[in-house]
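For reference, the structure is listed below as structure tokens.
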Amino acid sequence: MYNINKIRNFSIIAHIDHGKSTLADRILEFTGAVTDREMKQQFLDQMDIERERGITIKAQTVRLKYKALNGEEYILNLIDTPGHVDFSYEVSRSLAACEGALLVVDASQGVEAQTLANCYLAIENDLEIIPVLNKIDLPSADPERVKQEIEEVIGLDAQDAILASAKEGIGTQEILEAVVHQIPAPTGDPEAPLQALIFDSWFDPYQGVVVLVRIVNGTLKPDMKIRMMASGNTYEVGSVGIFTPTLKKTDSLQAGEVGFITAAIKQVRDVQIGDTITEEKRPALKPLPGFKPVKSMVFCGLYPVDSGQYEQLKEAVEKLWLNDPAFSYEPEQSAALGFGFRCGFLGLLHMEIVKERLEREFELTLLSTAPSVSYKVLLKDGSTIYVQNPAQMPPQEKIECIMEPRVRMEIYVPRAYVGPVMGLCDEKRGKQLDMKYLSQDRVLLTYELPFNEIVLDFYDKLKSVTRGYASIDYELTDYKPAEMVKMDILINKVPVDALSIIVHKDKAYYRGRELVSKLRSVIPRQLFEVVIQAAIGSRVIARERVAPLRKDVTAKCYGGDITRKRKLLEKQKEGKKRMKQVGRVEIPQEAFLSVLKTD
Ligand SMILES: Nc1nc2c(ncn2[C@@H]2O[C@H](COP(=O)(O)OP(=O)(O)OP(=O)(O)O)[C@@H](O)[C@H]2O)c(=O)[nH]1
């Protein structure tokens, strides 16, 4: 029976690894939504790649029934949110469908970057926040310290924070009681004109596009004629329903409820996240507030290793584009790599995931160039262009000024590592904005950093200088002029456009030397000498050579041992899979990525 006062819509927000998925599982188990003992571990993390990497990307939702201690039965909609910094836009829109959130903090770790970032998103969305200290089973858990951190850093009263262990199932009922008593019921009128907020959508091979909605006002039913208020697209509703956690059709979705609709929508691109669905016959006067559109921030070139796979790659990126609004692409041609695509992503993780999906789901073997950010270039003729591919940077004499994107980054780190982190940020051309002691042992550093320095290898280095104890969050702020230059790599005098990079002037010399020496170590010896040079304009700043190969590798397989010889040749062929012929020289994939790594 529909009773809006008995509905609770909530999310779990947490820093990565603080136990969000484990807690969600406990809640599912406790409410009996998943009885099957063989349930896939962590039901809410659906995609394979997610499971493999142990991270949550796509927001999911599930409806649960909970009989509270007061004897009343409640309908709980648990809306999952992704935890990674690349996907904070998905967190934000999932939160827009909720009235409350469980803020899960690891009681042995304390407040981390995404704890705070996600908590701010929840506060912006006016949510009731219930702090939960998880992992209290750990001997290193220190709930009092973490309560204090929550109060000091976030400014949230944490005295009544729930102590829980998702692993051992401690605190689950207390959490559910808090959900029903502290989080307000949704408001809305099921009789009013329809206003349904679209907060997610994805493609399902059986259902077509599935759209996740939060009904704010009115009632949504099958066969209803609907209109998306921003895009103007109209559809006839096929089915409506809920997740239990599997898709279950219902007769209607009413004000305050969360669920899905299908409507013979062919591609995810046709649905704008943040758009409002209304009824064609009796439209709402105005749409609900939407979300900021997502924008690609990191770019790289993707090329088929075998140029015969170009058409397949084209089809694959088109398909992916239709179903991933955060992914962008345009055709690109490289003298070295042939035909491919310049693709845009939210961040590095998104980039890796997309590449992996393309290779796995479409059976492609791809070569990716080093990731780059988008530079704003003011030209002498007064025009402004954005350059996402280093190879397309106009010649120096045409450029008035290059501006690089900068981010504001918050770094949470134990006191002992403050020195090394500051050193790293300096090295990355960062500017310190603030430094705050959160507790005796934990420090929050705020820096302004060039985005391209982060794209390169910031995470890895931060991890290594802090032994994995730092956490970060960042947002793009603005563009600032920087003395950037384009550096070309020449192999046997031929510039390899896919290896060009844009680098700060002060670092060019060092990077050039480092790069050619890296390349020397990854380019296999060939039958002739290979000369590798780094150049800025026509000025060569570094040079190395790969000595020619003298012997035939199979020569030592004397005589008739054909199988051994064949094996050796096959092994070589395998190794060649990811090689690209540039002129006469074979360049392995590592070469294109070696521009990424710095020492
Ligand atoms: N000791 C202990 N370990 C826990 C507890 N809850 C979760 N863990 C472990 O912590 C790790 C991370 O838990 P997840 O539930 O995957 O964390 P998450 O926040 O969902 O991580 P993302 O999906 O990456 O955002 C796993 O190895 C869990 O087994 C707990 O209460 N106690």
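Using N, Cα and C of the backbone, Cβ positions are placed for all residues, glycine too.
The GTP binding site annotation in TrEMBL covers D17, H18, G19, K20, S21, T22, N134, K135, I136, D137. Annotation note: D17 (GTP binding site) sits in a coil segment as assigned by DSSP.
What TrEMBL lists as domain 'Tr-type G' is 5-187.
Close contacts with ligand 1, defined as a Cβ under 6 Å from any of its atoms, occur at S21, N134 among the binding-site residues S21, N134, I136.
Of all residue pairs in the GTP-binding list (D17, H18, G19, K20, S21, T22, N134, K135, I136, D137), the one with the greatest Cα separation is 17 Å apart.
In this structure, S21 is the one among the binding-site residues S21, N134 with the smallest number of other Cβ atoms inside 10 Å of its Cβ. Mean pLDDT for the domain 'Tr-type G' (5-187) in the predicted structure: 84. Cβ neighbours within 10 Å of D17 (GTP binding site), excluding its own Cβ and spanning all shown chains: 17. In the three-state DSSP classification, N134 (GTP binding site) falls within a strand.
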